[in-house]
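Colleague: Take a look at the following structure, please.
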């Protein structure tokens with residue numbers, strides 16, 4: 001892992017790098033910029049605040065956070081060295097407040113250890129392939145142009161999309177097409193790939209697009225855009241282990257948050273969004289049995305959800321940036337003092353069981369006598385030491 005690579009990438013950028021950075025920034029509009037900034041900002045309004053953008057990309061969200069918070073220190077991570085190079089130029093005015101790290105996001109813990117940071121105040125994820133990668137034909141992410149089948153977010157990674165196509169078994173290809181591409185015709189496409197590669201290995205995206213088009217029903221070819229898009233998504237996710245990286249990164253990111261710290265995640269397809277939704281829901285839920293009158297220490301919610309469902313871009317942004325259409329934003333705040341003591345459970349009225357004496361139909365309400373007992377494992381006066389006992 002290369003820590004603090006800012007000087008290095010600036011030194012290697014060469015003539016024209018700043019111009020390329022400005023051009024790329026102009027073409028790459030940061031998705032849900034205002035909403036992402038607002039959801040993170042309350043954790044950054046204090047001296048010495050530190051945030052991590054673990055998928056820095058072109059640095060659009062990072063630039064806005066640094067602009068709004070003059071005392072903020074930012075750690076920017078990305079697995080794509082080209083993105084780091086361009087982001088270094090875009091963020092040059094904040095050079096004394098940023099540290100750039102060449103790493104996949106699941107290397108967050110190691111990166112913070114190397115920088116001597118035990119906790120941070122905010123962590124931001126902007127998942128999926130970037131506009132920069134889609135627009136660079138030689139990267140092989142786009143099915144709209146004929147190019148080499150690469151799809152590596154980090155060009156130094158060992159496995160390309162061509163390697164997957166030419167070496168995976170029929171069952172492996174079927175699995176990734178079905179699971180990662182949600183492709184209904186996965187077995188048929190996998191069979192065609194195995195058959196065609198025996199004649200000649202796959203090297204170009206155009207040949208793969210033609211193969212997919214020839215092996216899906218005519219009705220599918222006429223609707224829903226390019227029929228190869230699901231196959232390309234599946235290959236990209238497999239080559240970069242995108243879902244595995246998300247699953248490994250989120251727990252590390254939350255554990256490194258300071259109390260009141262905030263975690264925000266932008267997703268762009270249902271597979272990664274499902275992982276994020278489940279992880280954040282688990283953090284914001286109690287693991288105690290629902291019938292207990294108190295929440296035992298260690299089983300209470302660790303986070304508060306800051307977004308209702310997956311928030312989406314508004315109509316004005318969609319008109320300006322169609323790529324924002326699939327974006328979903330989810331965020332949580334780490335609760336202070338979570339997991340340290342037991343606390344009384346408050347059960348919403350809608351979840352209370354119908355019992356005699358609660359005023360339900362057929363059971364006239366009668367006065368209840370509140371009795372209290374001391375929890376055996378807590379000292380009197382501690383939060384949660386006294387709980388209501390239902391007679």
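Every residue gets a Cβ built from N, Cα and C, even glycine.
The region 'Disordered' annotation in Swiss-Prot covers 1-23, 284-391. The feature S-adenosyl-L-methionine binding site is assigned by Swiss-Prot to 59, 60, 61, 78, 112, 126, 133, with sequence analysis given as support. What Swiss-Prot records for 368-380 is compositional bias 'Basic and acidic residues'.
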Colleague: Using DSSP with the three-state reduction, classify residue 60 (S-adenosyl-L-methionine binding site) as helix, strand or coil.
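Modeller: DSSP call for residue 60 (S-adenosyl-L-methionine binding site): helix.
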Colleague: Given the binding-site residues 59, 60, which one's Cβ is surrounded by the fewest other Cβ atoms within 10 Å?
Modeller: 60
Colleague: In three-state terms from DSSP, label residue 112 (S-adenosyl-L-methionine binding site) for me.
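Modeller: Where residue 112 (S-adenosyl-L-methionine binding site) sits, the three-state DSSP reduction gives helix.
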Colleague: According to DSSP, collapsed to three classes, what secondary structure does residue 78 (S-adenosyl-L-methionine binding site) have?
Modeller: strand
Colleague: In the structure shown, which of the binding-site residues 61, 78, 112 has the fewest Cβ neighbours within 10 Å?
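Modeller: The binding-site residues 61, 78, 112 were compared, and 112 has the fewest Cβ atoms within 10 Å.
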